[in-house]
Amino acid sequence: MELEDELEEKLEDEKFEELKELEKIGGIAKGIEKEFKEELKRRNLRRNLKDLEEKLEEELEEKFEELKEEEYEELKKKEELKKELEVELEKLEEELEEEELEKEEKELEEEELEEEKELRRRRN
């Protein structure tokens, strides 16, 4: 009986040791699983970050192109306005020149009239 008890106790000790070993293995497995999940999360985050960076870069390029086009259109409008203003300025300069010429002509005519009057007075 004592031998049986000893064997039983030995079996229980072995089972207990095996259970401890299995718990240890289970703990290691859980640790590995946890690390695996964390690594998976990191990879997903990196992938998501990379996707977001690419998307942001594309959006920035599109926005840049839009701004370039808008700037070009604005510049074109400014150039057109500048040309229109130059044409208007030329017209105004021509008008001013004509007015000055007319004024000079009028002054000359008045001078001539005055001279004629003066000549008539002298004759008379």
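Cβ coordinates are placed from backbone N, Cα and C, and glycine is handled just like the others.
Predicted, not measured: the structure shown is a model, and the values here were computed from it.
Noted in TrEMBL for the protein shown:
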- 93-124: region 'Disordered' (REGION)
- 93-116: compositional bias 'Acidic residues' (COMPBIAS)
Positions whose Cβ lies under 8 angstroms from the compositional bias 'Acidic residues' (93-116), at least six residues beyond its ends: none
Per-state residue totals over the compositional bias 'Acidic residues' (93-116) - DSSP helix, strand, coil: 24 helix, 0 strand, 0 coil
